[in-house]
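Chemist: Have a look at this one.
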Amino acid sequence: RFQACVYFASVFQAMSCGIHYLASVFMAVTPNFVCGIPGNVSSVLFYNSSESSIEDIWTLWTSAENYIVVQLENGEIWELNQCSRSKREVSLDLAYEYKGNKSGFSCSDGFLYDDTKWKSTVVTQWDLVCDREWLAKLIQPTFMLGVLIGAVIFGDIADRLGRQRVIWFTSAGQFVFGIAVAFTFDYYSFVIVRFLLAMVSSGYLVVAFVYVTEFVGIKARTWASMHVHAFFAMGIMIVALVGFLVRTWWVYQIFLSIATLPFVLCCWMLPETPFWLLSEERYEDAQKVINIMARWNKVSTPCKVSELYSVQQDDLVSSRTGDNDTSSTRKHNILDLFCNWHIARRTITVWLIWFTGSLGYYVFSLSSVSLGGNEYLNLFLIGAVELPCYIIACIGMDKLGRRNTLIPFLILSALICVLIMFIPQDFNILIILANMAGKFSIGVAFGLIYLYTAELYPTIVRSLAVGSGSMMCRVGSVVAPFCVYLRSVWIFMPLLLVGIMALLSGILTIMLPETLGKPLTNT
């Protein structure tokens, strides 16, 4: 009962990580736009359609190559493009086609945006279009860079100061920085505050994995650690729901940030893990936590830390006789993951799987809003498809084995990437279903690699292996937004890159050993 309460309280906050990781898909949308105009409009022309205001034209707008012809109240006729505008020298009659002389001007009067779908986004607020478009494209990569740095910093702090304090700080930080983002006054303050939000969100997720693993018994550990991902996916579904209901970016950000307020109010009640307290030799504090656990779980047999510790000390003394002492105290570093060709090959393969899993996960998630159809429903389904994928991953890991589950799903995701390229663009539903299948298969691989990495390496470098793999995962998440932007070069470029990486990872995984039912190695 105690472990269940601690577990569900901890993973509830993991939803806010999913929320903030993908909030920008709707917050940084670029709607249709044209150059602003220096005066009041009397009539608007778009091909054969004549309207009284530009707002009525947006339903007809189909391409960035289009332009709008407007006549001002003073009689001037202007052609408005997305990043430039021109004034016609002869303004006798209002016609769409014009062969005469024109004077070109920059968009010094700002821009006019289509607000039929979104009333306000960060792009419309700070005019992140045309020559400032690159600033909009940096929003997600800078967030993911914060994720990378936060994972490293808070993982280390949690080992030094304890899991409990980091969980308190990062969950409170998520709420404070999440609300602060909505009240930023310019683009640069927006990016900086979101960078800090990324650091605490990533820090929480990393420490939450460790926290629940140290509280949950061995029997349920696989399922428990895997389903932290499931709550992250529920966060993605909340983003889709709030995005559908709220169409002003700063209100949308506030609603997303208060979604997990209940946890922030209750997180101070979470205890420190007995494992960490024992490692710091705080035996009385550990005993208090264990007593609370015994009381909650109605365990009548007392569990005394002092007795357990004396047995552990005896084992430690007996194991340190002889030369073992020098080998056990030697410091290990990243080079130990490349100590010989056999281990180096394993490390390269594992890093590639981490990178591919993260790249595929975010490419499928971030590009879901560009698939056509209802973008809110697309993102919701891309999040929802993860929930069964972790159940399949858990069953596959226990029945077929780690490697035998990983290989088919990596190769399957590569095949799905190729399949999507051959689906005609008019078949929206088929494209969305294929993307869901791709996200499902890469999700299985992404969820499984955490445990598989821990089992592939000996105790002395296990944390190092998982930590370095997680770092490669963060690199994949930084690269993913840039990969999605390659759609402008060729619409299938992101899928091609994910497919190649997934196929390569799947083939290399064949060389890894199966770890199901095998004892963990120590040296």
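Cβ coordinates come from backbone N, Cα and C, glycine included.
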Chemist: Pick from 29-49, 134-154: which stretch is listed in TrEMBL under transmembrane segment?
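Modeler: Range annotated as transmembrane segment by TrEMBL: 134-154.
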Chemist: So which range, 275-295, 464-484, gets flagged transmembrane segment in TrEMBL?
Modeler: 464-484
Chemist: Which stretch does TrEMBL mark as transmembrane segment, out of 6-25, 166-185?
Modeler: 166-185
Chemist: State the residues, same chain only, that lie 6 or more residues beyond the ends of the transmembrane segment (166-185) and have a CB under 8 A from a CB inside it; answer 'none' if no residue qualifies.
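Modeler: Same-chain contacts beyond the flanks: 10, 13, 16-17, 20, 154, 157-158, 193-194, 196-197, 199-201, 203-204, 207-208, 211, 250-251, 253-254, 256-258, 260-261, 263-264, 267-268, 270.
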Chemist: Could you pull out which residues elsewhere in the chain have a CB under 8 Å from any CB of the transmembrane segment (464-484), counting only those six or more residues past its ends?
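Modeler: Non-local partners: 137, 140-141, 144-145, 147-148, 151-152, 155, 202, 206, 332-334, 336-337, 347, 350-352, 354-359, 361-363, 366-367, 449-450, 453-454, 456-457, 493-494, 497-498.
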